[in-house]
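Working notes, structure below.
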């Protein structure tokens, strides 16, 4: 992708970059990156679309790797794959939840929180209803995923200050423990298996999207579990919680004992479950009831019904003398009747007898009481218990919905969370399993329609280039179960069997078995097996038993039982759980009662319609084993789930499709702010149609055409990274607008502050004088008439500022120094300089040092390399109170000897050189008035305690002596003549303009660059010039030399002066004063500037010519300098051109081929560089290839600013045509004035060179010279400035250069250095 990702977002490291071999070279290769200890190491790939091979086995291998590394989540595009770890991994903490707030899925590892964040973000951003479909077999972790999504949305969407919204949030979260207790149970495959379906819909307010209501839809509770379970399974959790930890008042009221007492909780021989704390869960259930708002009376009624179910289950039967069923223990029946508030005799009759009514047309028939046998009586007893629990559960759901209804505020936006039973295959599968698996087939059909089929159909409809993918459509299986015509399905056959033989269940089962042959006659997904049948589901083949299916499909209580509960004196039973209309519906012969298959079919279709109206998210859960043990991974079982879930097809679809699509209108509505052509100040300004606006937006955002396609009505974005980048730019638009307003305000405040400070400073100076200049005058007075002065020291603008390194600042280079060496005092003076050190058996050396002065001490700090790392160390600490005298010479040098009263090997006398020596002397004298200042032609100090050494100073005129420095050799310092000792600083020059330069408030970066280029002021803390330091006078770039042979070359004439159109008008904008563009210097001035940069004074290095840089040959040097440094807004007075020079410089030779550092390759194709660590390639561009590793090459741009890996097949070796450089131009011939200037001993490079090239021909012949020298000088100054301002990293390199370049003061050792 060719655009920048969302700001502050880290790229997921999904691919390994080819490792760079540790070859030789000084660079040492790519350094190892810092490891983030908070981020786990990536194992496998986090998105299956990144797999190199798309097979079921490859998907399984990747999931296995991640599972064993406790990484259970993996993506397929936007689909989340979750593998149940069967243990707590600690990944659902509040701290981890906060990491996903406001983050897109590529910034953070795959997680269910990322899916929840995406849903909530899309709800707010696009106003679309959201839903998440969680699918997988039983025990794969669907319920846990639903709980965590609810937890996340409740946390990120709720305003804690709003009591009503916080209450809704708490109630939504409380539904989890409540419905788990009443609707989940332990099965062979899952300790917390959902035995019902649940669709939770959270409704949000308009505008701020706070949860204001919720609604739960229940689907098909498995009520058969109340009365019977398979061995090693359990009843619903609430029965074990209630019987184990029942409150004392309920024990007395309802006679509750342990779970082993009751048949319904002990028959399966599984009372306790590892990892399940029934006591804690029961407290959570009670707390949830209180949060939801159940009154104490309602809670009593709930537990009363649970107790009645348990005691009904304990009713047992014996045969009487006629073989009919009789109650074994009347006390049990009596206690159950007490709990139901009915007559015990009526309860007994309803269980062991059946009432049959006959009718003859319109005449009333007879009523018979038919006794039941033990099997029939047991079925009636169980039907009563199942009916009570089923209706109780449905009432709890309705009661919860009443509490969750919240305010009456209208809301049209919602997030739905579907937690429904997973696909089931048992040894014996009956009606419950066919209903459960039917619902899962419908969910699979939704997944196919919404992800696979709909995606391909949309591409065809929108005329998008697309490669069709084959997939299995399970609609044929859904029709096999639910269809009514033309071929009736299983549910229709069940209903018809009940209608044919409604009185006899066994007869109805036989009728159903006969009709199966017609149901699946032409369906290859169905097989009839005599009393059983097989359906080939998407998840596997399942064998179902016919026996008992018709009876379970009736889903209606017997009339005797309804009449029983209608006689109850408890209004909760006869009005709430069993309202009177139930009995009326049962006796109405005009309408067939609704069967269980009708209910589940109707609910499933409503669910499909609801989900189809939402933007779906998908979580596909996988169960890794059947043992429910952590770190147990069954490859065959997981591979089977991968196949029936269709993960491979999903990956193939994702790899070939588009991640995002939107209508043109909606896309423009969302992103028109990103283009200046479509949006201005938040308003839509485009006048064209929507598709042209889309093109303009994508063009302005630099989205390459390969990242999107335009259909007939929609725009398709290929990768999610592109969408995230667009969203990020949109988010930043408003931040940028806010930042613009903030900048304007801060600019206004800064102008006021600066103006106030200017007035305050001016008043202080007028009233009390300038303290820095006063201290300067004090320091100069100490040396007045005794020592020659440097010209830079006598500038009127010179002031003694003290802390030149900024040690007293809160941050920066100076603060870095004192923190490193541990100086805790306030710094009075700080500067860089040199010290003369004598090593054992070697000559004295001038070494760079840092000098810091506090109230008590002088700290001399050395920069040393320890294991290739820069360290600052205190070399000497000199107490100011112990200083005896300061020794200086009478000349203009910068040497100072600090002599102590009692020097020691650790605190010796020092001989130092620094530009601010006068200020240092003044500071020390002020701190210790008893210090003596000795000034003479020699300086004496003790190199070692008791060993005095004398340094002699002389006036020299050799070429090795710099104008503004000195030359040290064998104890003698040679220096040029300075200003007279009686020199004084002139008054500070007045500003050239009284107006404030407001440009610095609007474009500070440009103002600095312009100021630096146009008017440079002396910087006193710069290192001593090269010659002054005694270093080799090798220039930073080669001085142009006269070529021996060259070919004349025609060059286009170029004038170094700006044209009239290039000079900005002063009146264009009166509110701002733009910096006047400085014209390029004349060729002769550039040569002079180059020479000045190599060894001349700092002042000469920073001279910038004015509009007309040509000076008169007879004009004094000082006049020329003043002219070139003037930057007033007034026009420069024109001067007469100098007479033409007879001899001109020859033109430059043709370009010569420079051999490249590395082999050069040309890019044959574009490469986007989307892989981490890679570099993008642009077709037909030439690059360096420094290393080849297999199919990858280490590529570097020609300017060596970027480096990374790219496919070597994208490159082709080529000749280095792009590396040609022109030969340096020849220097101009020296004029006669240079010789006379040199004879006088004072050269002025500006005045002597500006008179040589004044004619048009000189400008023409040196046009190439102008650009070459200008670029070289600019590069040299830029490199030098960068070297001076860099901290630790650059200091290390600078120190190595200095140590390598430092030379001995003499080839022979000094005579004093041989003392042992």
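Placement of Cβ uses the backbone N, Cα and C atoms for every residue, glycine included.
The compositional bias 'Basic residues' feature in Swiss-Prot is assigned to 1-12.
The feature region 'Disordered' is assigned by Swiss-Prot to 1-29 (among others).
The region 'Actin-binding' annotation in Swiss-Prot covers 414-497, and the record cites similarity to another entry as its basis. In the predicted model, the region 'Actin-binding' (414-497) has a mean pLDDT of 84.
Long-range Cβ contacts of the domain 'IQ 2' (756-781) within its own chain (Cβ-Cβ under 8 Å, at least 6 residues beyond either end) map to 789, 793, 798-801, 918-919, 921-922, 926, 984-985, 988, 996. According to Swiss-Prot, the feature domain 'IQ 2' maps to 756-781.
Positions annotated as region 'Disordered' by Swiss-Prot: 964-1154 (among others).
The feature compositional bias 'Polar residues' is assigned by Swiss-Prot to 971-984 (among others).
Taken from Swiss-Prot, the feature compositional bias 'Polar residues' covers 1018-1030 (among others).
Residues or ranges marked as compositional bias 'Low complexity' by Swiss-Prot: 1042-1065 (among others).
For 1097-1106 (among others), the entry in Swiss-Prot reads compositional bias 'Polar residues'.
Per Swiss-Prot, the feature compositional bias 'Low complexity' maps to 1117-1129 (among others).
Among the features that Swiss-Prot reports, compositional bias 'Pro residues' is placed at 1137-1153 (among others).
The region 'Disordered' feature in Swiss-Prot is assigned to 1209-1316 (among others).
Swiss-Prot lists 1223-1232 (among others) with the feature compositional bias 'Pro residues'.
Feature annotation from Swiss-Prot assigns compositional bias 'Low complexity' to 1233-1268 (among others).
For 1305-1316, the entry in Swiss-Prot reads compositional bias 'Acidic residues'.
Proximity of distant same-chain residues to the compositional bias 'Polar residues' (971-984), defined by a Cβ-Cβ separation under 8 Å and at least 6 residues beyond the stretch ends, is recorded for 780, 783-791, 794, 889-893, 895, 949-958, 961-963, 965, 1310.
For the region 'Actin-binding' (414-497), residue counts in helix, strand and coil come to 47 helix, 8 strand, 29 coil, using DSSP.
For the domain 'IQ 2' (756-781), the DSSP-based tally of helix, strand and coil residues reads 24 helix, 0 strand, 2 coil. Helix, strand and coil counts under DSSP for the compositional bias 'Polar residues' (971-984) come to 0 helix, 5 strand, 9 coil.
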